[in-house]
Amino acid sequence: MTRDPSGQRFLTCAAAAVLLLTASWTSMATTAGRHVSNLNGNCMRCLCYASTLCNMTVGCSRGYCGPYYLYRDYWKDAGQLVVGDDDPDRDQAFVDCASNMECSQKVVENYMVKWGRDCNRDGVTDCDDYARIHFNGREDCSAIDNTNYWRRYETCRPVSNRGKFN
């Protein structure tokens, strides 16, 4: 802070810019040094809820595992993250990561860093887009309105996304 001629303190432009940047970073996920706009805690919780009601004991069914209901190719696309010092080539490494909240969340974040885009063409990549990508996979941004996943997503949908056309 500096003082103007009248003796009052004020923030310099640089200090104000740092404060604004710091505030904006709190609403973004950070993965491997990259920021993912609008992929915040509320969105991540909602993707988990829409997937399995965030059930940590869901296990695996038809190749989908854990609270985010991840599948092996999704995990591979996200960098084959593992719990602790596990070996990503070990057969059970995927299941262990997908069943672990911290690891599975990082998988979703990495996947969105790599494949996130504006699916509904509303000019912003937000949780609605991440929900479509998470459900359909990287190649398919189509609407998922008539699915149980979308119905659950709508109940926890981040406030900034409500009322938009999908």
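Glycine residues also receive a Cβ, built from the backbone N, Cα and C atoms like all the rest.
Just so you know, TrEMBL annotations never went through curation; they're auto-generated.
According to TrEMBL, the feature signal peptide maps to 1-29.
Annotation source TrEMBL lists disulfide bond at Cys43-Cys127 (among others). Counting every protein chain shown, 23 other Cβ atoms lie within 10 Å of the Cβ of Cys127 (disulfide bond).
TrEMBL lists Cys48-Cys54 (among others) with the feature disulfide bond. Same-chain residues at least 6 positions away in sequence with a Cβ under 8 Å from that of Cys54 (disulfide bond) are, in sequence order, Arg45, Cys48, Pro67.
Around Cys65 (disulfide bond), the same-chain residues at least 6 positions away in sequence with a Cβ under 8 Å from its Cβ are Val58, Gly59, Tyr71, Phe94, Val95, Ala98, Ser99. TrEMBL lists Cys60-Cys65 (among others) with the feature disulfide bond.
If you look up TrEMBL, you'll see Cys97-Cys103 (among others) marked as disulfide bond. Cys97 (disulfide bond) has a Cβ environment of 25 other Cβ atoms inside 10 Å.
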Subject >> Candidate nearest Cys97 (disulfide bond) in space, where candidates are the disulfide-bonded residues Cys43, Cys60, Cys127 and distance is Cα-Cα >> reply: Cys60
Subject >> Site of maximum Cβ density within 10 Å, from disulfide-bonded residues Cys43, Cys103 >> reply: Cys43
